[in-house]
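Feature annotations, reproduced from TrEMBL:
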type	residues	note
COMPBIAS	1043-1058	compositional bias 'Polar residues'
COMPBIAS	1133-1146	compositional bias 'Basic and acidic residues'
COMPBIAS	1147-1156	compositional bias 'Polar residues'
COMPBIAS	1157-1166	compositional bias 'Basic and acidic residues'
REGION	1033-1079	region 'Disordered'
REGION	1122-1166	region 'Disordered'
REPEAT	1-84	repeat 'CSPG'
REPEAT	106-203	repeat 'CSPG'
REPEAT	216-307	repeat 'CSPG'
REPEAT	331-421	repeat 'CSPG'
REPEAT	438-534	repeat 'CSPG'
REPEAT	559-658	repeat 'CSPG'
REPEAT	690-783	repeat 'CSPG'
TRANSMEM	1090-1115	transmembrane segment
Amino acid sequence: MVIIHPGSTKTLDTSLLMVESNTDIRDPSEIEYEVTSPPSEGTIIVNGIEASSFTQEDLIKGVVSYQHNKQGLKSKDAFSFTVQSKGVSDHGTFRIKIFKQGYLSEPEVIINKLIISYEGENAVINKDHLRVEQADILPSEMMYTIKQPPRLGHVVKVTNGSTLDYIHSFSQEEINNDQIFFMPMPTPGGDSFTVDITNRFVTLEDIQVAVDIVPGQVPFHGLNFTVREGSGVALTQDLLNITHSFYSSANIDFVVEEAPQHGAIRYMDGDEDDLTTFTWDEVKSGLIYYLHDSSETSEDCFTLLASAFEIGRTSEPVTIGITVLPVNDEPPRLTHNTGLEVLSGEDAEITEHMLSTEDADTPPEELVYSIETPSNGIVAFRVSPGDSIQNFTQAQINNGDVVFTHKGSQLGGFAFTVTDGEHTSPLYRFLVTARRITISMETEEELMLFPGTRQPITGDILKAVTSEGGDEITYAVLRAPRFGRLISPNHKKQFKEVSRFSQSELDSGSIFYEHQMPEEPFWVVMDSVELLLSSGPAQAMEHTLPVNVSFLAENRNGSSQLWRNTGLDIVRDQRKVIDSSRLDASNLLASIAESEQAFMDVMFEVKQFPAHGRLVLGDLDLPKESPYFLQEDLDNGDLEYLQRYSDASSDSFTFRVYLKPKVRGPQVQSPAAVVLEETFNISIRRRDYSPPELVSVDLLLEVLQGSAVVLTQEYLNTIDQDNTPAEIIFTVTKGPANGLLVDTESKDQIEKFTQEDINAGRVTFISDGSLADGFMEFTVSDGRHRTESHTLHIGILARALLLAKAEEIHVRQGDDETLITESMLKATTGGPNEEEVIYKITNIPEYAAVMVDRQPTSAFSQKQIREGRVSVRFVKSTSPRDTVAIVARSRAANISTILNVTVTPLVNLPYDPLLPQGATVLVDTKLLDASLLANKTNAVPTFHVVSQPKSAQFLKIGGAADGQPVMSFTQRDVEEGHVALQVPGDKVEEEEVKFILRAHGVPPAEGTLSFRTVPYDPSMTYGAKILKVPSSGSVVDRKDTAGRQSPPRTTPPGSRQRGNLGWSEGANPTTTHPDFGSHRKPVVSMQRNLWAILIPILAILLLLFLAAAVAYYLVRRNKTGKHNVQTTSPKPKNGEVKQETFRKTDPANNIPMSNVDSKEPDPELLQHCRTTNPALKKNQYWV
């Protein structure tokens, strides 16, 4: 690369362009350069002629040059070439830097205007807001670097047409192209950001760009107001207000969206035209009025819209309410007085259609009725109908608050007057007429039902009505039925006995009579229910509902008309007795008079014999020619069914049954007797010689700690084809160790029970209250076979959970997530076997989120915590803490708690450093260091002091605010030494400063800087650099400090919230900052000992020796020859070059082709920015 001035020519020789090759090249003319892409801002001249090719020999002779075009504006140029020799070639690019004169001058800020950013919208930063220009400098070369970012937004750049990227630098060209935007946060207010502007040589520092974030809509607020009837009110700034200074100074027009209904908005000068628009200036001048039209109205309103047309902003429509104060000049006028008809003894509302008064200028709330005592009842308010009143308003009538309660005669009323406060009406009378209510039976039938069933009592059987449409009729049971009960189903379809019901329940079929079978047989029984009917004020009446329970009644469920006909269950090729427990027709005897029953027998006549077996009576087959047997034979167990071997699964026989006189002779039925014909069903089971099979669905019984559970077929159930449930016997061989097995009714401990006991719920397990799991071993037998031992496991569910949690879960600032461990949160049952615990989040955290496998969740388990899969992270960077409400649940228990999540600062803090009382110390990275947070966020962290000792304060060092107290500062301020701490001068030895550490993209964190203070002693070592020593009153005499020890620690480590990384107590020696104000006293050591005298003397002697050695060397060197050596110029400011210098170069110091495309800084370019002269090589001199 080469640097030239605009319009100049530069010779290109081998010091700038040269090729190296291992090819045997003996003549430089054999190396040829071909320009493939010519320079855009100049030309290549060879031997004074523009050319596109040259040789290495031309470069050696110095006949190749680059001539810049003076009219070119760019600061860079280049040409590409191909070099070849003897069939070998390579490509390269030669770069040229045009050093413009404008680089040496400062850029000029042409425009730096306030940027208006509307809330919720991105504001473009264009050249009308910010423009910096400089002669000969292109806008693309003028770069802005954001030094202090804005607090209430971000500076972004539009790329690819729509993508917004956060940036830290941008160019004037991007501003001119409307690519730079200010993205505001949803917080209005003033803001700014600081930039450094550079043309790459000269820099303008700390240029502040102001931003004002204003509401996106015009903040227009209107207040309701009050006006007297017929008058007007000025619409001033107190009623119509623009609350933001940006808009209040703009040209605002008010548009009347909805005009008032009972008035007008006009100028006060008497103009009769209603205004549709007016200006903000007219409002401030008090020229706009609302005028009421004198109508008898109590309110009005109008709607306005504020508009700033010049900037295209409007407000939301605002409706302003107007309360009109009426003028009372009209008397009340009675419009309705119809009287009232009321049911005897009832309450009735006095409505506005019965009694109403109007007043044009008085609201109903102020029209007051005054009444005399009613003659047949009382007037009261609905909320207290028993308390008589003498006054009420028309508004209370309109609202339905006034009622009349009838008492006494049928005809009566009350006298009244009405007043509006100024006018009173004449005396009027309000008539009240009462009507009586009676109850009568509309339907009164007999209820008939089959024995042992339930029958609905519907409105077709029992129904009553009232003479007036009043309250619903209610039935109360005065005497319950003797042979049954009245029942009704609930919402679970379960029936319960009732003693009170309504007519609507009867009409819907919800009331049933349920017959309860007696122990003795019967044929017909009569029952009844005595009821008391009532309905509001109506007189109650009694009614008796007759109930007929008969075997002759309609049988809807197909039950047998006999007392018993249950059928028979038998195993194939067996015999079984048919006794009265399976077949009993003794209820037929109850169909005749009790005096005749002793002379009658119940006779069974078999009409169809069983097909797969025989009926045996008294060890003999029942003959088909005389197929009769008596109820007495069944009572004695003389009738048997003998099944002969067949594959049939069922059998039956059909019979007739009737009453027969007890006389010998043919079996002839009584002519008047009842004859029934039915079938006796027989179920035949296949004989199975296999043992019973246990088919329980679940062999784990779960019991709540300390409770009882009935064993069901779900846990113990068997299948045995040739045995009944009563024949299957369970024998407990080893009882449970965590409870007892008892009989459900007697609570006695049992060791044997049947499958029928299980089916009937007669076996219960009672837990002993412990959490230990147990088991029960048992065998199953059918009398012939016994199974091997089985086990029923019994698990105990804990009744309560034990919760252990940390007071706070700390999330380190900047960390993506923090694992929740069992040391932070653990719920257990406290028993030997832990249950799985599920946590449910019951609130929505505002700033943090709980995650499972890095995904947000609303529930997690203790197992996931144990596996390290549950974590917490902050998803919003606005608060240092949050709370998460959770409920922990096990199988049978739950417990609620709250997790506190707190951000800890990522900052290095010393461990209680020792500071001198009354001194001012430098706050550097030894006291506060958030560099790790800065590296992690690529932003500058800020410290905000929230509390500090009463007499301590942070101070600004340097600049216009030097020595001024500060409550916030940045990590950059700390690193550059711009912050100091004034240590308290009192005797408190333990101090702390609380602060909030903020950085972009991470949540804020609260931290504490703790330190100890002692009186100042020059001989002691402190934990910070001292900038100002205390006054003499705070200095400790050396004699008094002999044997003095550091103050004892009273706060254990970790008791305060500190940074994440702790340092030990500082050990830097006490020093004084040299730049901390010329008016401050220097540190004067009070130690007077031998070393304090010897050390300065030795240092001076050492300096004299070094000076002599240097002088001797220079004298020896000057004797070798004198040269005109150029003296070094002082360090240029901002890249300014005072004098152009050249140096002799070694011809052998060639530039290889491999370095042509190198991106390293050009040595010639760095020459203009060099602050010190380079070292001279042998045979090189300054000229």
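Even glycines carry a Cβ here, placed using N, Cα and C.
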Tally of residues which DSSP labels helix, strand or coil - the repeat 'CSPG' (216-307):
9 helix, 41 strand, 42 coil
Within the repeat 'CSPG' (1-84), how many residues are helix, strand or coil going by DSSP?
9 helix, 36 strand, 39 coil
If you run through the repeat 'CSPG' (331-421) with DSSP, how many residues end up as helix, strand and coil?
8 helix, 47 strand, 36 coil
In this predicted model, what is the average pLDDT of the repeat 'CSPG' (331-421)?
92
How many helix, strand and coil residues does the repeat 'CSPG' (559-658) contain under DSSP?
15 helix, 44 strand, 41 coil
Counting each residue once, how many in the repeat 'CSPG' (438-534) are helix, strand and coil under DSSP?
5 helix, 50 strand, 42 coil
Work out, from DSSP, the number of helix, strand and coil residues along the repeat 'CSPG' (690-783).
8 helix, 40 strand, 46 coil
